[in-house]
Amino acid sequence: MLASIKGFWKVCRYGDLYMVLAALAAQSINISVGFCQGFSAVLLPQYTHEYPAISHDQSSWIASLGVISNPIGALLGGMMVDAVGRRLLLQSIVLPNLVGWLVIAFSETYVFLCVGRFITGFTIGMSTVSYIYVAEITTPEKRGVLSALGPGLVSTGIFIVYSLGAFVHWRKVAAICAGVSLLTPFLMYFVPESPLWLASKGQMKEAYNSMFWLRQNNNTAQQELMEFTKDRKTDESMTFRQKMGLFKRRNVLKPFALLIVFFMFQEMSGIYIILYYAVDFFKSVGTSVNEFTASIIVGGVRVFMGAVGACLINSFRRKTLAATSGLLLGFAMLGAAVCDSVNGPPLMKLACVLLHVSFSMVGFLQLPWIMSGELYPQDIRGVMSGATSCCAYVLIFFNIKTYPQLENLLTSNGTLYLFAICAIIGAAYCYLFLPETKGKTLNEIMRQFDEEKKDGDPEVGYIKNIIEGKPVQRRHSAGASISLEKSKECDKDWMQNTSEKYSNKLKE
């Protein structure tokens, strides 16, 4: 008990508490993302029971229309996030979210229901800005676990909507989701804008105030901003061709290609099929448990394993987690396929599917989303993160829309084998090609993709100073590595000037 109190005091004393609260506020949008993703699983059984004339093709459109607008939302969010800021965009997501749920709740026809699903899909696409915000406000040591809160809260939203759908009419569920959509703009009102975004716009006073609120330490706030602005180049004098040339750099194209391939293996492993077609999936696989009960169990397992994954992400390397997660979920799905082939016990098939869901939550599901906010340079992070999410959502839409046809072509047993094979191949890909980001600052991550090789230790984040032959140890920064040996006099002058400039502010 005493140790817990001391640990909590340490968090409060060194400013981590404020950073955690800001990350939680931003990640709260992912609860609504979970509502959007899980809603079709409870809507379709109820809606097809009310309207038996609905065809399989129309049912697939209800499920997939919640995904087809995700790429558009991701592109819009990517273009807006660098223009209006991370905080304002997170607050503005309430508009499509609230409108979409209200249209669903009061829809009287199939068309209006589809329109509502399409509008709520924008929420999922634009919500990826939360990963950018969290990556920019957190320290390297805390970035992994706080970024992993996103998928965990998505799972929480899915579990809530699955549970409500088993007992409440789908219209009332939509109304509840509309009310919860107001949570994020309310919470974001109390936290600051990303200091790195403010600094990139030349708003240094606001950037300092934001960084000081997050760190609760004057020296740390000054030092982090100093390191970020020291080598920053403004784009005010750049021509349009020069700006477009930013997207052709090696440290942009290489992470983009790596993430897209990662997403391809993720979608083909069956993770989102189980998510969007939970009730129908269990009915087609044939388990002895009621389909709604099985879907609630899956939702609960996702929440629990999401918490486990958030704990593991700070203890193991990213590529190790991704490869192990993919391998285990592939073998779990292979077990379900074999059990189905030999007409094994239905509970054994359910257990294998639950293992598949469990293993996906410790790496294969959340890591590509987390890394989309880590791998790109600051000057175009918003646009490229949006573009990556856009491509990922296109893949998810294609996967969701074609699943009924794929099941008719390969049978449910054949799809299980396909999911297992893709997951195992994806695990090998992650182990061989995925870059390591654990414990590294965002600048150190960028250096991995530069053409000139840097001598570094991926685990502890050491960078060798070739000129001086001295180790340069990273400290605290979310946007750049901190050098305690280099440019001491310049750093001292800068800190003294900044301290005098903001002395009145600190006294207040």
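Cβ coordinates are placed from backbone N, Cα and C, and glycine is handled just like the others.
What TrEMBL says about this protein:
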DOMAIN    18-438  domain 'Major facilitator superfamily (MFS) profile'
TRANSMEM  20-41  transmembrane segment
TRANSMEM  61-81  transmembrane segment
TRANSMEM  88-104  transmembrane segment
TRANSMEM  110-134  transmembrane segment
TRANSMEM  146-167  transmembrane segment
TRANSMEM  173-191  transmembrane segment
TRANSMEM  256-279  transmembrane segment
TRANSMEM  291-313  transmembrane segment
TRANSMEM  320-338  transmembrane segment
TRANSMEM  350-370  transmembrane segment
TRANSMEM  382-400  transmembrane segment
TRANSMEM  415-434  transmembrane segment
If contact means at least 3 Cβ pairs within less than 8 Å, sequence distance 6 or more, would you call the transmembrane segment (173-191) and the transmembrane segment (61-81) in contact?
no
Would you say the transmembrane segment (110-134) and the transmembrane segment (382-400) are in contact under the rule of three or more C-beta pairs closer than 8 Å, pairs 6 or more apart in sequence?
yes
What mean pLDDT score does the domain 'Major facilitator superfamily (MFS) profile' (18-438) have in the model?
84
Looking at the transmembrane segment (20-41) and the transmembrane segment (415-434), are there 3+ C-beta pairs under 8 A, with each pair at least 6 apart in sequence?
no
